[in-house]
Amino acid sequence: MENLYALILGIIEGLTEFLPISSTGHMILGTTILGIDIDEFWKSFLIIIQLGSILAVIFVFWRKLFQGLDIWLKLAVGFFPTGVIGLFVAKYLNALFNGWVVVGMLIFGGVVFILIELAHKNKQYRINSLEEISFKQAFCIGIFQSLAMIPGTSRSGASIIGGLLLEFNRKVAAEFSFLLAIPTMIIATAYSIYKEPELLGNANSLIPLGIGFITAFIVAVLVIKFFLKFISKFDFIPFGIYRIILGFVFFYLYYSGILNAGSEFKL
């Protein structure tokens, strides 16, 4: 069963990491439905499969990444506020590890996506390529991304919203969000290992780890390509509606006692 669970969680990770719908929320549902007790091995597993998602971004965007130094400088500037804010608020984040926070942020984020799209209907966007993004705008996106430290927000959702507010077109907002995930997720993963080095020692079951990693990579590649095609034709309103529905699903699960708003959240 361990290998099957690894496959399912790898699919969930690949499907949700880069869509603006909260990968954390879906991982809570997945582990709860499967009845997985998040022990040290599964903590290690969840870290490893994120690396598969990071590799997917590099695989899809490798040409853009090696076009020159400019994009790397913008990513560094974009990561800077997230890193600094993270260092200062990390010790206070435990207070937010609550299912009701997830509910609120899922619904709030969904409403924001819908309102932004309605406000920008038929509007011409000013930023239509990665090259047009200024360092100031990259820094602002990093500030928005830092909001993803609040559970249920969605890292990609927060940074995409930032891009839309700065008048990036949808594709550019999504692409910069995906690329900004590379330094953000790598450093976040390294920090998790630094805090709990014993997690690497628990990653001793190579088959499920390999299954989860490869599955997350393949699914994330497909999702990124699909998502970019989707938003070239449609807006983000469907994702906003989905977030709201998911938020109310969690509300019911927590209110009815099916899920514990405190304990089940702490992955």
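Note that Cβ sites are derived from N, Cα and C of the backbone, with glycine treated the same way.
For the transmembrane segment (4-24), same-chain residues at least 6 beyond its ends with a Cβ under 8 Å from one of its own Cβ atoms are 30-31, 34, 36, 45-46, 49-50, 52-53, 56-57, 102, 105-106, 109, 113, 151-157, 160-161, 177-178, 181, 207-209, 211-224, 227, 236, 239, 242-243, 246, 267. Residues annotated as transmembrane segment in Swiss-Prot: 4-24 (among others).
The transmembrane segment annotation in Swiss-Prot covers 41-61 (among others).
Summarising the annotation, Swiss-Prot assigns transmembrane segment to 69-89 (among others). Long-range contacts of the transmembrane segment (69-89) within the same chain: residues 130-131, 133, 135, 138-139, 141-143, 145-146, 149, 176, 179-180, 182-184, 187-188, each at least 6 residues beyond the stretch ends and with a Cβ under 8 Å from a Cβ of the stretch.
Sequence annotations record features per position, and here Swiss-Prot assigns transmembrane segment to 96-116 (among others) based on sequence analysis.
Residues or ranges marked as transmembrane segment by Swiss-Prot: 173-193 (among others).
Under the heading transmembrane segment, Swiss-Prot lists 207-227 (among others), citing sequence analysis as support. Long-range contacts of the transmembrane segment (207-227) within the same chain, counting only residues at least 6 positions beyond its ends with a Cβ under 8 Å from a Cβ of the stretch, are 2-3, 5-7, 9-11, 13-15, 17-19, 44-45, 48-53, 55-57, 59-60, 174, 178.
Annotated transmembrane segment per Swiss-Prot: 239-259 (among others), in sequence order, evidence recorded as sequence analysis. Among residues of the same chain six or more beyond the transmembrane segment (239-259), those with a C-beta under 8 A of the stretch's C-beta atoms are 19-22, 25, 28, 32, 99-100, 102-104, 106-107, 109-114, 117, 152, 154, 157.
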